[in-house]
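If you check TrEMBL, you get these features:
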- 21-162: domain 'Phosphomannose isomerase type I catalytic' (DOMAIN)
- Gln121, His123, Glu148, His286: Zn(2+) binding site (BINDING)
- 196-267: domain 'Phosphomannose isomerase type I helical insertion' (DOMAIN)
- Arg305: active site (ACT_SITE)
Amino acid sequence: MEPPWDKNMKKKRKRIRRPVRLRCSVKNYDWGIFGRNSKVARLFALNSGSDIDSGRPYAEFWIGTHESGPSYADSGSEPLSLKAWISQDPGVLGDKVVDKWGADLPFLFKVLSVGKALSIQAHPDKELARVLHKLHPNVYRDDNHKPEMALALTEFEALCGFISVKELKDMLNSVPEIAELVVVADAERILLGSEHHENGKAKTDIESIFTRLMLLSKDTIADMISRLKRRLNLEKKKRLLTVKEQLVLRLESQYPDDVGAIAAFFLNYVKLNRGEAISLGPNEPHAYISGECIECMATSDNVVRAGLTSKPLDVQTLLSMLKYRQGSPEIMQGVSLNPYTTRYLPPFEEFEVDCCNIPRSASVVFPSVLGPSLFMFTAGKGHFDASLPEDDIVVEGDDLVEEGEVFFVPANTKISITAKSTELQLYRVGVNSRFFGDS
């Protein structure tokens, strides 16, 4: 039998898995919003203690373990990356998460401030990601897929997925510059096609026309855009241009003579209100146009681009990987968990997002879950209390939190948050609860 003091010593040696504050990374891509007008700039300045440069664009605030923009654990005198901090005790992720994804976060959490359009792009599935990473490791930095979700912080504009069969027909009737790409026989077949044709051949039609457009020479594209601009500038003197026509002119002004501006005719234009979200699976074409959002994804930075960017293009790969599914995307409204919290559950097991707005003096409890969480505070001040599992040494803290603060919370940790003087706004990202068998 072990003496009592041995048991006590073992108990004292048990690791206490406390939440840890994080210092996070920023990206100053040229499509970002400048200076203090950028939510990314304000969050990063508060999180890091740095000044905001009014002459620089602030595009993305990264929270996670990806090597392209790592977060650091504020847990000692020497900075330690969150990935290294987790590797010291992978149990902070929970057993089921470690079994599935290893000793790393399966999700990457960002805030985006979009001043002008991002590239027309798609993200590879796992199989293609492994191939691209092996062939071009300097371009495709990891071998993971990148399903993602964008949750609007402000009014947010995006292009995502291909337009419907009806919209394709309308576009060919109203945009002669694109109709020229379709031979007469095909044009008649598309425009006059039967219901059987629409259901059976529509994918082939839009794939064929989109591919022809994207593979045109730069000189041909420049001529096409010149003629399109000339026509629309004349027509707007006589009529109100459509939303898509106005958008195409705006995109072309940001990226002159870029095929991506015309490619926008083929994609669904979506305008999200604050609190609305869209999810994007692998191989889905999309481009964010303007506004600010929360973005969450599997831990990857793989992007295949084909327009609206100065970054390297990989048009052939994009065309070969795209899903040519047609129709409008689903707009997610989220599901209410309590009076102050809304949950967004995309069809991906790596992540879910909770949006929480707590009125002054009110409190919200986030029950312990079987996986890790990231908490980011975007407005207000409050108290953050963490209670560890009863089978470990129970530790309760009461930390004052405010805008810009970010926490990593280990698995099996209950969090209580109380708003202090004003409304407290925060976002939590965790592994999708359906992965653990929750409804």
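Our numbering is plain: 1 for the first residue shown, then up by one each step along the chain.
Glycine is treated like the rest: Cβ placed from N, Cα and C.
From a predicted model like this one, the values you see are computed outputs, not experimental measurements.
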Other CB atoms within 10 A, centred on His286 (Zn(2+) binding site): 22
Rounded Cα separation (Å) that holds between Gln121 (Zn(2+) binding site) and Arg305 (active site): 4
Proximal but sequence-remote residues of the same chain as His123 (Zn(2+) binding site) (Cβ under 8 Å, at least 6 apart): His145, Lys146, Pro147, Glu148, Leu280, Pro282, Asn283, Glu284, Met297, Ser300, Asn302, Val303, Val304
Cβ-based neighbourhood (8 Å from the centroid) of the Zn(2+) site, residues Gln121, His123, Glu148, His286 excluded: Ala122, Lys146, Leu280, Glu284, Pro285, Val303
Which same-chain residues, if any, lie at least 6 apart from Arg305 (active site) yet have Cβ under 8 Å of it: Ser119, Ile120, Gln121, Lys311, Pro312, Leu313, Asp314, Leu318
Packing count at Gln121 (Zn(2+) binding site) (other Cβ atoms within 10 Å of its Cβ): 24
Residues of the domain 'Phosphomannose isomerase type I helical insertion' (196-267) by DSSP state, where helix covers H, G and I: 57 helix, 1 strand, 14 coil
